[in-house]
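**Student:** The structure follows.
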Amino acid sequence: MKINTITFSSLVKREVLRFSKVAIQTVFAPLISTGLYLIIFSYSFQNREVPRYGIPYISFIVPGLIMMSLIQNSFANTSSSLIGAKYNGIIIDFLLAPFSYIELSLGFMIGGMVRGLLVGTVTYLVSIYFYGGAVAHPFLALFFAVLVSSIFSLFGIIAGLWAEKFDHVSIFSNFFITPLTFLSGVFYSVKGLPGIWSKVSLFNPVFYMVDAVRYSFVGQSDISPLISALIIGSFALILFVLVTYLFKIGYKVKS
Amino acid sequence: MSTAIKIRNTNKSYGHLQALSDINLDIKKGEFFGLLGPNGAGKSTLIGVLGGLVKKDSGSITVLGKDIISNYRETKKSLGIVPQEITFDPYFTVRETLKIHSGYFGIKDNSEKIDELLEALSLTDKAEIGPRELSGGMKRRLLIAKALVHDPEIIVLDEPTAGVDVELRNSLWEYVINLNKQGKTIILTTHYLEEAEALCDRIAIMNKGKIVKVDTKENLINSIDKKLIKIQFADSVHGLNKELLGIDFNLNKEKKEIEIETAKGNLDKILKTINDLNLDIVDMNIESAKLEDVFIKLTNLGDDEN
């Protein structure tokens, strides 16, 4: 199906305008928590190096922290936009308008990506003060950032469609997103985990995302970035198809 | 092409509840069409199916000759649906809402149309404020403006005047009548039968998921053989009784006014009888049936069938 650029870009504009109107809570508030992580970790581990990586701890965790803000904000944008639209009843605007299902998926997804990438970028800018700002493969970093933000935007769409109340969205973030992110190697090298735990971590999709972005930043990673790219890419594709299908069947929005 | 909407054998059920039961309906282009029925009759479900909010179980619906499922892009552009529930996007001002909505329909710069709608719906001075600050009536008008930004050929108004004050209601109808005169097809559902009676060319009456009757307003009203005769006399009436008149009647306290409800065929006898009594008549009024009578008759009929 052809994509109508005006129809599709209006949805992206709507999504971006929506979070810009409440930028204090959507863009600046997330920066505070990430800023605190940076301050605390850079102070607590100022003379520590990460085993096997041979780099300062702060340089190690910066890519992870950027990923974390990217993940949380992409997810928060689409999930809150959709549950809000359901709550306000304006979800019917998207059903009455001539959107194709792909346009709906892309429109919401890109809206969430813009917020994730924006907060991620600002997080990076703040982190320059703490570690110097060196990025080994900047284009690769951008590539992975775009891919990861798309994945969590799509996740947010699923959560937003599934949720019947605002509380339901926090179930998603508290029981899935946060544990998977914290256990993905944002703060430690998964290779260094004892015994079975380093194997278990391989089942965590977020691990590949953090690891790939870390490779882009410091040039070293726990596993090959090519494998990560394949896994992340297929993950994004599967989610996109799933989300488009959910829009097509009108999952929880059409009766 | 003369058919705006063609509905064939359309069914929809929610569990055991048959919300739409074998609906067949043709709405002509340029018509002012009324869809009436008591609460839960299936009017909003039918409109929901038309707009893609509700998935029908079976049947087919075309809008200007295009199927609403396989050609939904085009049918959605031809339809402007004003939903019954008041909804608003709290993030955007009135103008922003209309701009975004125009974009959804593929219109890039729509400021001329937006200004026209704001003016027509008396929202111009509210254009830059958020919907939270709008009164209920203004929110309803914003909904109407949203449904019209893409200049649709067919406009569906689902209970548009609920909670709208009288003055506004009149200006709203003036605007809708004007749209109809420009050739737009209007479909209206309303609880106010006087509105339907005043506005609609043809009317479908729904009850319990079925269309019980579709006809022109005149035919529907004529289908009820009922006249209400009111006669005012100069002096108190004496000597008039049921036996003489052959029908029951109401006499007011001063005995100067009578009200008789009867079939057309009895008019002659009644008037002659009164004439024979040599009473001085001051005023006389004969009313025909109202749409409301038809409505009550048909929706009760539906009850009996089940």
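In case you wondered, yes, glycine gets a Cβ from its N, Cα and C as well.
Feature table excerpt (TrEMBL):
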type: TRANSMEM; residues: A:21-41; note: transmembrane segment
type: DOMAIN; residues: A:21-250; note: domain 'ABC transmembrane type-2'
type: TRANSMEM; residues: A:53-71; note: transmembrane segment
type: TRANSMEM; residues: A:83-102; note: transmembrane segment
type: TRANSMEM; residues: A:108-132; note: transmembrane segment
type: TRANSMEM; residues: A:139-163; note: transmembrane segment
type: TRANSMEM; residues: A:169-188; note: transmembrane segment
type: TRANSMEM; residues: A:223-247; note: transmembrane segment
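Thinking about packing and proximity, how do these listed features fit into the structure?
**Tutor:** Proximity of distant same-chain residues to the transmembrane segment (A:83-102), defined by a Cβ-Cβ separation under 8 Å and at least 6 residues beyond the stretch ends, is recorded for 1, 3-4, 7-8, 11, 159-160, 163-166, 168-169, 244-245, 247-248, 250, 253-254.
Residues of the same chain lying 6 or more positions beyond the ends of the transmembrane segment (A:108-132) and with a Cβ under 8 Å from any Cβ of it are 11-12, 14-16, 18-19, 26-27, 30-31, 34-35, 38-39, 42, 56, 58-59, 62, 65-67, 69-71, 73-78, 81-82, 145-146, 148-150, 152-154, 156-157, 240, 243.
Same-chain neighbours of the transmembrane segment (A:139-163): 63, 66-67, 70-72, 74-83, 86, 105, 108-113, 116-117, 120, 169, 171-173, 177, 205, 209, 212-213, 215-217, 225, 228-229, 232-233, 235-236, 239-240, 242-243, 246, 251-253, counting only residues six or more beyond its ends whose CB sits under 8 Å from a CB of the stretch.
Taking Cβ pairs closer than 8 Å, the transmembrane segment (A:169-188) reaches residues 41, 61, 64-65, 67-68, 71-72, 75-76, 79-80, 83, 152, 155, 159-160, 162-163, 201, 204-207, 209-211, 214, 222 in its own chain, all 6 or more past its ends.
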